[in-house]
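Noted in Swiss-Prot for the protein shown:
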REGION    1-23  region 'Framework-1'
DISULFID  Cys23-Cys87  disulfide bond
REGION    24-33  region 'Complementarity-determining-1'
REGION    34-48  region 'Framework-2'
REGION    49-55  region 'Complementarity-determining-2'
REGION    56-87  region 'Framework-3'
REGION    88-96  region 'Complementarity-determining-3'
REGION    97-106  region 'Framework-4'
Amino acid sequence: EIVLTQSPAITAASLGQKVTITCSASSSVSYMHWYQQKSGTSPKPWIYEISKLASGVPARFSGSGSGTSYSLTISSMEAEDAAIYYCQQWNYPLITFGGGTKLEIKR
C-alpha cells in the first residue's frame, strides 16, 4: 500500500498570500489527484492527473509534481479557499488518501 503524507497538517494564510500544500508518497506514483472539502459537505474533485483543474476550479489553483513528490498551490489566497485539501492516488487495486491539510484564513 502506498502511503501519502501531507504537509502541513494545518496552515493559515492571509488573503492574497501564496499557499503551497505538499503530498509525499511512500513509493512512486504516476498520477496524483486533489480534493477540496468544506465543512458539512463531501470532498469535491479539485485537481486531477497532477495538474488538470476540475470544472469550476479557479485558475489561481495549480498542481505539479512527479514520482513521490506532489504539490497543490494557490497563487493568491481568497476567503473561499479555506477548506481541507486531500491528495489521492490510485495504485490498482488500492485507492489511498493523504491525511488532509486544513487551510484557514489568517486574520
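Here the Cβ of each residue, glycine as well, is placed from N, Cα and C on the backbone.
Values in this document were obtained by computation on a predicted structure and should not be read as measured data.
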Suppose you look only at the region 'Complementarity-determining-1' (24-33); what would the mean pLDDT be?
96
Looking only at the region 'Complementarity-determining-2' (49-55), what are its DSSP counts of helix, strand and coil residues?
0 helix, 2 strand, 5 coil
Determine which recorded stretch among 24-33, 34-48, 56-87 has the most C-beta pairs below 8 angstroms with the region 'Framework-4' (97-106).
56-87
Intrachain residues whose Cβ lies under 8 Å of the region 'Complementarity-determining-2' (49-55), provided they are six or more past its termini:
31-33, 61-66, 70
What parts of the chain pack near the region 'Complementarity-determining-1' (24-33), using Cβ distances under 8 Å and only residues at least 6 beyond its ends?
2-7, 45, 47-50, 63, 65, 67-70, 87-91
